[in-house]
Amino acid sequence: MEPILALLLALGPFQLSRGQSFQVNPPEPEVAVAMGTSLQINCSMSCDKDIARVHWHGLDTNLGNVQTLPGSRVLSVRGMLSDTGTRVCVGSCGSRSFQHSVKILVYAFPDQLEVTPEFLVPGRDQVVSCTAHNIWPAGPDSLSFALLRGEQSLEGAQALETEQEEEMQETEGTPLFQVTQRWLLPSLGTPALPALYCQVTMQLPKLVLTHRRKIPVLQSQTSPEPPSTTSAKPYILTSSHTTKAVSTGLSSVALPSTPLSSEGPCYPEIHQNPEADWELLCEASCGSGVTVHWTLAPGDLAAYHKREAGAQAWLSVLPLGPIPEGWFQCRMDPGGQVTSLYVTGQVIPNPSSMVALWIGSLVLGLLALAFLAYCLWKRYRPGPLPDSSSCTLL
């Protein structure tokens, strides 16, 4: 009987007697408020004959946040973490008093998810991390992580220990946290899924909030043949904002020259110039009036040699030397579509050093041949037997 009575008191006005009522709006016993937002809780009391008196009590109740109206008091919650706690409204008619408590929970759950790595590569074991920033509350009772394959949890993923760290805040007294969940992934098969998703859920009284972040998976564009030392397997990485390509060895294979997508906006394409030792060509076959230019390269674009001519732009390493590992990006205007290429670090042979090495080897060979001829001449020339101790090394 007591639980039913408590539920009735929480859900509606309290019918005390003829001409009397005690009401709290919103009537829920627990209220969740987003940090930085405001909420007003109205507590009212009506009496038939006596004067109605209403008061708010609770943890650090600031009278400046209570607005007094005839027969009611309005409590304003400012959405600060200090507002978290229980507030009690007390109403009285003459000698009779009644009360209703409200538990206020201020939460912070911005859409600030960070996932690493930026993309997944099929065929290898990997660790995926998902970090939610500026979170409160951060306990496991209210915050949970999931690694999804579509709408289902990814089978075989091993969840590692969750890490929690306090965020640096400009305003003191605001203990927000960053929470990181890591998973050890099994080797993704081929063909792989287009993407995995990190999903973070905050569950509060009568409120469930969810944020999700996409982790693209590199898709092989070549036929499933065994890899060799003379060919590399290019990958295409697609996302909702940009189209990116990645290759594990540009020195032995040209990038695919077919359009990355046959639908939607036209994107520029990146190729390796086979006529140069190492040169990238970005071009756009998107009609007249378009231009392309390089916008990103490992290190600094100033360290590369650039040539741009309308819908074509070339980029090469100058001077010859090791190629930094990282992303190369080309942009097309108008439209702003970009294409990115990931290149692993490699060393380009220097022609001058190759010539010097060849000449040095030739000179050493000639010296060795001359030494051998000298020793044979001393051993087999007519006359007394010579001392051949100097040629024993042969």
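Including glycine, each Cβ sits where the backbone N, Cα and C put it.
As recorded in Swiss-Prot, the features of this protein are as follows:
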DISULFID  CYS43-CYS89  disulfide bond
DISULFID  CYS47-CYS93  disulfide bond
DISULFID  CYS130-CYS198  disulfide bond
DISULFID  CYS282-CYS330  disulfide bond
DOMAIN    20-107  domain 'Ig-like 1'
DOMAIN    108-225  domain 'Ig-like 2'
DOMAIN    256-345  domain 'Ig-like 3'
SIGNAL    1-19  signal peptide
TOPO_DOM  20-353  topological domain 'Extracellular'
TOPO_DOM  375-394  topological domain 'Cytoplasmic'
TRANSMEM  354-374  transmembrane segment
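Taking the features listed in Swiss-Prot, we show where each one sits on the structure.
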residue : record         : DSSP (3 states)
CYS43   : disulfide bond : strand
CYS89   : disulfide bond : strand
CYS130  : disulfide bond : strand
CYS198  : disulfide bond : strand
CYS282  : disulfide bond : strand
CYS330  : disulfide bond : strand
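In the domain 'Ig-like 2' (108-225), the DSSP tally of helix, strand and coil residues is 0 helix, 64 strand, 54 coil.
Here the disulfide-bonded residues are CYS93, CYS282, and the one with the most other Cβ atoms within 10 Å of its Cβ is CYS282.
Ranking the disulfide-bonded residues CYS47, CYS198 by how many other Cβ atoms lie within 10 angstroms of each Cβ puts CYS47 at the bottom. Computed over the topological domain 'Extracellular' (20-353), the whole-number mean pLDDT of the model equals 78. Considering only the disulfide-bonded residues CYS47, CYS89, CYS93, CYS330, CYS198 (disulfide bond) has CYS330 as its nearest partner by CA-CA distance. Ranked by Cα separation from CYS330 (disulfide bond), the disulfide-bonded residues CYS47, CYS89, CYS93 are led by CYS89. When the Cα of CYS89 (disulfide bond) is compared against those of the disulfide-bonded residues CYS47, CYS130, CYS282, the shortest separation belongs to CYS47. Residues in the domain 'Ig-like 1' (20-107) partition by DSSP class (helix H, G, I; strand E, B; coil) as 6 helix, 57 strand, 25 coil. The number of other Cβ atoms within 10 Å of the Cβ belonging to CYS89 (disulfide bond), over all protein chains shown, comes to 25. Rounded to a whole number, the distance between the Cα atoms of CYS43 (disulfide bond) and CYS93 (disulfide bond) is 14 Å. In sequence order, GLN23, VAL24, VAL54, TRP56, SER72, ARG73, VAL74, LEU75, CYS89, GLY91, HIS100 constitute the residues six or more apart from CYS43 (disulfide bond) in its chain with CB-CB distances below 8 Å.
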